[in-house]
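Chemist: Please find one structure pasted underneath; my questions will follow.
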Amino acid sequence: MEIPPGLETTKRKVAHSDEHGFSDQVRVPNVIVMVGLPARGKTYISKKLCRYLKWTGFTTKVFNVGEYRRSDANAADAIHGANASFFSPNNADALKVRAESARRAMEDMADYLNSGTGGVAIFDATNTTKDRRRIIIDFCKKQRLRCFFIESVCDDPAIIDCNVTDVKVNSPDYKGLMTAEQAKEDFMNRIENYKKQYEPLDESEDESLSFIKVINAGRSFKVHQVRGHVQSRVVYFLMNIHLLPRSIYLTRHGQSEYNAMGRLGGDSPLTEDGQKYASALADFFEEEEVPGLRVWCSQKVRAAQTAQHLKPDFHTEYWKALDELDAGICEGLTYEDILQRYPKQADDRATDKYHYRYPSGESYEDVVSRLEPVIMELERQANVLVVSHQAVLRCVLAYFYDRPLSELPYIDIPLHSLVKLTPRAYHCDSTIYALDLESGEWTETSDQLPLCDSPRD
């Protein structure tokens, strides 16, 4: 069957972005440089920012100078990066080693960006002196790379102590070499060594310098000379993240009439099995007693019915952005119908499922774009339950699981299952609850959802 004129897919008529996240009209590789004393959350910010940029389509990589330093240590000097004296400004030999580690990281970063492999590089190190930052700026100018600084400033002892206790004492510098108490004492001495030479970012350093200061884990910010799309996205993201204890629950709606018939999209109501799941979901959260839980629901009938038995004080909001991927002219069809009527469309979708756009409909790439405000709100909020659809939840899970975009359309999300995500400093815990409709019992596993066996769904 021929596609009606004007409905051919899949490329937009505006400038298309390549696999590195750049428009075909302009390509400016970006270097994001972290600044700050140890235990200020620089690596946490680097990893979260890298995940976000990759999810939005920018090929991004973190270059952590500490890892280069540790790789430079030989077997006879395994502790050479751990002892606080190594970070003393008076330790000339150590300064040479640290400078060489930074140089190697910068060279690898430039190779990554200039080879066309990457679009954004994050240079994760303390970079606490003006001299060190000037070296980076001059290097980036020579390589024609756009440079943006992120300084994490913190004078809250509780935040610093939490970061040192929860993260640093278990870092590769200390693990297996010292007790937790020894590691903490040594790391606090390391911080004191850095303080002796710390020069905070300031516009007087260079009026043209582009930077953002993140103060006390996001309580306030200072932004200066932001340039370009990437830097604007970075600022937008940093102003929305936090690391307070919380959980994010994700579930598809219960089985709908279209699900039972194998049809795409539509707005059909729940089947009897779907209604059972809706009741069981309400019972689950009645028992869990999640404090301050908010419910975000798609505007489709099947999603609203799934959330209808939840307690009124959960405060349910209905988001158009959470609606299922629009299958366009294929809405209401089965996959067999599509193969028979639109074989070329079926083949195009199988070839590149992430970028494929249904005629008069959407692609997964489009869904990611409309979900960005949802992700930002999820980063800002406390406990949230999201009731939505398979394609939408694949996009959300790919973000929190840090899955590549090529895997995103294949994350297997069964009906009548609930995913609990608990964000941590450097990863996200995932627990899956599956409901047995006959017994009404939930089974629990701690794991990420796998990829689908079938490339069709």
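Using the three backbone atoms N, Cα and C, a Cβ is placed for every residue, glycine included.
Dumping what Swiss-Prot says about this protein:
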{"type": "COMPBIAS", "residues": "9-20", "note": "compositional bias 'Basic and acidic residues'"}
{"type": "ACT_SITE", "residues": "ASP124", "note": "active site"}
{"type": "ACT_SITE", "residues": "CYS154", "note": "active site"}
{"type": "SITE", "residues": "ARG252", "note": "site 'Transition state stabilizer'"}
{"type": "SITE", "residues": "ASN259", "note": "site 'Transition state stabilizer'"}
{"type": "ACT_SITE", "residues": "GLU324", "note": "active site, proton donor/acceptor"}
{"type": "SITE", "residues": "HIS389", "note": "site 'Transition state stabilizer'"}
Chemist: Quick one: of ASP124, CYS154, ASN259, which recorded positions lie within 10 angstroms of GLU324 (active site, proton donor/acceptor), measuring between C-alpha atoms? Sequence order, please.
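Modeler: The recorded positions close to GLU324 (active site, proton donor/acceptor) (Cα within 10 Å) - there are none.
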Chemist: Among all the protein chains here, how many other CB atoms are within 10 A of the CB of HIS389 (site 'Transition state stabilizer')?
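Modeler: Within a 10 Å radius of the Cβ of HIS389 (site 'Transition state stabilizer') lie 21 other Cβ atoms.
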Chemist: Out of the recorded positions CYS154, ARG252, ASN259, HIS389, give me the one sitting nearest to ASP124 (active site) by CA distance.
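Modeler: Comparing Cα positions, the closest of these recorded positions turns out to be CYS154.
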Chemist: Need the DSSP three-state call for ASN259 (site 'Transition state stabilizer') to compare against my parser.
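Modeler: It is helical.
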Chemist: Which of the recorded positions CYS154, ASN259, HIS389 has its Cα nearest to the Cα of ARG252 (site 'Transition state stabilizer')?
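Modeler: Result: the closest of the recorded positions to ARG252 (site 'Transition state stabilizer') is HIS389.
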Chemist: Of these recorded sites, ARG252, ASN259, which scores lowest on Cβ atoms within 10 Å?
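Modeler: ASN259, out of the recorded sites ARG252, ASN259, has the fewest neighbouring Cβ atoms within 10 Å.
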Chemist: What is the total of other Cβ atoms whose distance to the Cβ of ASP124 (active site) is within 10 Å?
Modeler: 24
Chemist: Enter the number of other CB atoms within 10 angstroms of the CB of GLU324 (active site, proton donor/acceptor).
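Modeler: Cβ-Cβ neighbours of GLU324 (active site, proton donor/acceptor) within 10 Å number 24.
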Chemist: Work out how many Å separate ASN259 (site 'Transition state stabilizer') and CYS154 (active site) at their Cα atoms, rounded off.
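Modeler: Cα-Cα distance, ASN259 (site 'Transition state stabilizer') to CYS154 (active site): 51 Å.
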